[in-house]
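Database features, via TrEMBL:
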TRANSMEM  41-59  transmembrane segment
TRANSMEM  65-83  transmembrane segment
TRANSMEM  95-115  transmembrane segment
TRANSMEM  121-142  transmembrane segment
TRANSMEM  149-172  transmembrane segment
TRANSMEM  178-196  transmembrane segment
TRANSMEM  216-235  transmembrane segment
Amino acid sequence: MAFYSSSSSSAYGAAPGAGWGYDSLKNVRQITPAVQTHLKLVYLTLCVALASSAVGAYLHIVWNIGGMLTMLGCVGSIAWLFSMPVYEERKRYGLLMAAALLEGASVGPLIKLAVDFDPSILVTAFVGTAIAFACFSCAAIVAKRREYLYLGGLLSSGLSILLWLQFAASIFGHSINSFMFEVYFGLLIFLGYMVYDTQEIIERAHHGDMDYIKHALTLFTDFVAVLVRILVIMLKNAADKSEDKKRKKRS
């Protein structure tokens with residue numbers, strides 16, 4: 001089943017089957033001015049949410065507040081946000097910031113571990129995540145409308161597999177190899193979600209869904225999921241290198 005027609009291809013100002021190039025990177029004519037304004041608001045809200053999350057992580061480092069309670073508080077804030085009507089914008093915005101702060105506190109232990117081990121790991125992981133997010137978001141924006149929406153089913157299936165793997169590991173336990181497989185597999189899934197969610201937000205906005213708070217929350221979830229997994233991978237690699245150095249010194 002085709003997800004776009006030749007008429008939608010012509011809306012991009014390019015002939016069907018045209019290749020990628022510098023002109024295609026500049027071509028955002030498929031996105032109406034209203035949707036462009038919406039995207040700007042979404043990404044601005046995302047940046048504020050990330051700043052709020054950074055404050056939450058800092059509060060954990062200072063006062064050790066992160067844990068199960070902050071995670072439950074984050075889930076509760078998100079549930080409360082979705083239960084509120086769209087017109088209560090200020091309350092929903094405040095709930096988004098609260099959820100982001102609590103999420104930052106919840107991942108605070110991992111961030112503190114990275115800071116204690118080597119602060120450059122945290123900086124590199126954040127910059128790498130930001131670059132990946134920017135690249136995948138731009139790819140989704142300049143691509144044909146609905147071109148990547150087919151990924152939704154594949155990503156949902158992958159996420160289900162990941163959840164079942166984690167459920168099985170909680171019962172039977174897992175080795176470091178199986179854990180790292182879950183981390184890499186999860187990273188691949190959420191990188192895909194960056195593309196899929198961006199195009200879904202654009203498509204929803206074209207159909208009148210201008211809920212920038214909900215859309216910013218979706219992208220915030222993707223960003224944090226990727227950041228956490230990149231941090232785990234980098235910490236594991238750094239720890240392995242440290243062990244190798246110690247072994248060489250002993251020998």
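First residue shown is number 1, and so on along the chain.
Note: Cβ is positioned from N, Cα and C throughout, glycine not excepted.
Those TrEMBL annotations? Automatic predictions, nothing curated.
If you look at the transmembrane segment (178-196) against the transmembrane segment (121-142), you find at least three C-beta pairs under 8 angstroms, all six or more positions apart, and that counts as contact. Between the transmembrane segment (216-235) and the stretches 41-59, 95-115, 121-142, 149-172, Cβ pairs under 8 Å are most numerous for 121-142. Packing against the transmembrane segment (41-59) from elsewhere in the chain are residues 65-66, 70, 93, 96-97, 100-108, 111-112, 201, 212-213, 215-217, 219-220, 223-224: each is 6 or more residues past its ends and has a CB under 8 Å from a CB in it.
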